[in-house]
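Dumping the structure here so I can ask a few things about it.
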Amino acid sequence: MDNRLIVSSSPHIRADESVNRIMRDVVIALLPATLAGVYFFRIGAVKIILAAVIAAVVTEALIQKICKKPVTINDWSAVVTGLLLAFNIPASAPWWIPVIGSVFAIAIVKQVFGGLGHNFMNPALAARAMLLASWPVQMTAWVKPGADAVSTATPLAILGGEAAGEQLPSLADLIIGNIGGCIGETSAILLIIGGIYLVYRGVITPRVPIIYIATVAVLTFILGGFSIQFMIYQVFAGGLMIGAIYMATDYASSPVTPKGQVIFALGCGILTSIIRLYGGYPEGVSYSILLMNVAVPLIDKYTSPRVFGEVK
Amino acid sequence: MNLLSFRGGVHPPHYKEATERFKVEKAKEPDRVAIPLQQHIGAPCEPLVKVGDKVKIGQKIGEAKAFVSTPVHSSVSGEVKQIARMLTPTGEVECIVIEADGLNEVHESVKPKGDIENLSGKQILDIIKEAGIVGMGGATFPTHVKLSPPPEKKIDTIILNGAECEPYLTADHRLMLEDPESIVYGLRAMMKVVNVSKAYIGIEDNKPDAIESMKNASKGYKEIKVVGLKTKYPQGAEKQLIYACTKREVPSGGLPMDAGVIVNNVATASAVAKAIKTGMPLIERICTITGKGIKEPKNLLIKVGTYIKEIVEQCGGYNGNPGKIILGGPMMGLSQHTDEIPSTKGTSGILVFTPEEARLPEPKACIRCGKCVDICPAFLQPLYISAYSLRNMYETAEKYHALDCIECGSCSFICPSKRPLLQSIRVAKREIIAKKRKTK
Ligand code: SF4
Ligand code: SF4
């Protein structure tokens, strides 16, 4: 029997936490918002979501095959990237937009830097920025919810003055997501429910989302002339919810120290508010997170926690 | 109850149900014991007997001149058959093999030493040293050394560790239920040695009956406070326990005495009581034999030197093929190559896994989830220390405070990518310490 005994370093038991479980939980958390996206934008949304997810998974498998690395598509992380990317694309976009985005996200942003955990930027966000720069028309062709794809402006564009004159949607519509915008950006309430699920499952801490959203709320309230209505629209419209809950909490591209996460979230909030209010572009979430992503190694370095028993 | 705790830590499943209700049974008398001459931290002992000598229970058979060391005693009466290097739980060590004659004769030196009231602190300290008492929670540090802090360190508190935060183990739990008086007696003796008037007994709140039992036993002594601790691993780690009870932090790189505290295990206190009251040195201990790989899990009182294999046989033997044999708990215990090794003063548990349970998970890439940082009770960043260690960048690992790691294993436990974090951190620690020695 002796040679069959396994000898290894302690600890001898492991938590049943796993990468697969975490990623699967993210997919589950995104499900309500996905269904809402499909409900509001019908077949257009289905097309975009399927194209993005399939392209992401296939790209990951192909690259790993070619590089002779173990294929890890069953860890669900490619599905998450595809889904998040789809959420950031308007339902009216042609099918090849999400495909190009997913290939870019997985091949360039994720795999070139060494795969899961090594990407210093959020792949879905980086892909969105790339798509927006390359195909600005398709990426901002917002449509009204419904089957007939009537074009419209997003609430933020209306607020920001780019689409002045259009009617602002009602607050209720804003929160359920019955508004113009990207597929998954719209239903704030469902995104929040998914976020609560992730906190409950221990996948994310509420630290980053809460601080990020709170910073935007406070700054837009102060800088927006102390208008509660303006602040509420800033918080619930656009990509803030999805960005704060699902993108800024991306493990690989956010700090690992609690203090670092606070700084990161504050930075995201400040940048988002400034870009939205003073930048030439109504939405600032993607760029803010990407900018902060780049600063993460620095933040991590300077926020090393005080070691137990250490006097600082 | 107001539960005390520390920051960080994990919640492994307890797995204590298998044995927590079983009274401690006396193990069968062994026919043969192998008593390691080094079963504690410090210098190994020199044998005091030779092959062919007759020995009795409690007779001192090994001793070292060094201060940081402690004698070993025979746990049986019989004849010395062999003195040789043999495999023990901590590697190859010189052992004295004694064949028992079944007479169970007790050595003349074993007689009551008096009472706490009549003994001076110095006398009690000598009794503890002579009785070969070591920390029985697993670290096996000689107790008399712990109780002899240098004069410039002001000690004002003793803490007894009854947390038993390792999953599976129930030996301390049973002791607290079955013989709480001996723990209190031993604690009072230790308090006299270091002349302190404040003591805590810390117990995790998943053992309410033990808390109750210790409270009753210490009723007459106002200076002893039994405190409930939050059930969380590693609640029983010295520095974390001190923080939970006194809110003091042991300085980085320091020892508990730097915070004015001495920590001992409840089983150690009980052994002290026994040494004073009956004169019997530390020759047996309670051990939990458990795990899915054991047919009938038990808490047994085993004699030091009994072979693990024999102890397992008394618990119905293995359940199928054993996959892994661990001495101690699943978080910090040592896995063994064989069961043909003797038990020691530190054998608090024999845990046997089935081959399925023993299978090692495939490590994946770190996803930077930050969970290891969140839970590290020493507030380290295990992912970085481990990464630098794997790249042989030990100096950078040291900058990340690798030496402050208490090797609790919480980081490896929680990591969703199943990375062997602690394993690589241990390598870094070893390299850093080796280098420090060289440059000294
Ligand atoms: S717990 Fe594991 S995966 Fe998460 S940051 Fe630490 S090492 Fe990386
Ligand atoms: S780094 Fe050391 S102290 Fe921190 S969790 Fe890991 S083993 Fe425990």
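Yeah, the Cβs are placed from backbone N, Cα and C, and that goes for glycine too.
TrEMBL: automatically predicted annotations, no manual curation.
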Taking TrEMBL at its word that B:Cys405, B:Cys408, B:Cys411 bind [4Fe-4S] cluster 2, choose the one of B:Cys369, B:Cys376 listed for that site.
B:Cys376
Other residues with Cβ within 8 Å of the Cβ centroid of B:Cys366, B:Cys369, B:Cys372, B:Cys415 at the [4Fe-4S] cluster 1 site?
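Apart from B:Cys366, B:Cys369, B:Cys372, B:Cys415, the close residues are B:Ile367, B:Arg368, B:Gly370, B:Lys371, B:Pro382, B:Leu383, B:Cys411, B:Ile414, B:Pro416, B:Ser417, B:Arg419, B:Leu421.
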Using a Cβ cut-off under 8 Å and a sequence separation of 6 or more, which residues in the same chain sit near B:Cys376 ([4Fe-4S] cluster 2 binding site)?
B:Gly8, B:Pro382, B:Ser410, B:Cys411
Identify which of the following binding-site residues, namely B:Cys366, B:Cys405, B:Cys415, place a Cβ less than 6 Å away from any atom of ligand 2, and list them by sequence position.
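If the test is a Cβ under 6 Å from any atom of ligand 2, the answer is B:Cys405.
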Can you tell which of the binding-site residues B:Cys366, B:Cys369, B:Cys372, B:Cys415 lies nearest to B:Cys405 ([4Fe-4S] cluster 2 binding site) in space, using Cα positions?
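Comparing Cα positions, the candidate nearest B:Cys405 ([4Fe-4S] cluster 2 binding site) turns out to be B:Cys372.
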List the residues in the vicinity of the [4Fe-4S] cluster 2 site, defined as same-chain residues other than B:Cys376, B:Cys405, B:Cys408, B:Cys411 with C-beta within 8 angstroms of the site's C-beta centre.
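Close Cβ neighbours, site residues excluded: B:Cys372, B:Ile375, B:Pro377, B:Ala378, B:Leu380, B:Pro382, B:Ile406, B:Glu407, B:Gly409, B:Ser410, B:Leu421, B:Leu422, B:Ile425.
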So what pLDDT does the domain '4Fe-4S ferredoxin-type' (B:356-388) average out to?
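Across the domain '4Fe-4S ferredoxin-type' (B:356-388), the average pLDDT comes out at 91.
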Which binding-site residues from the list B:Cys366, B:Cys369, B:Cys408 come close to ligand 1, meaning a Cβ under 6 Å from one of its atoms?
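Passing the 6 Å Cβ check against ligand 1: B:Cys366, B:Cys369.
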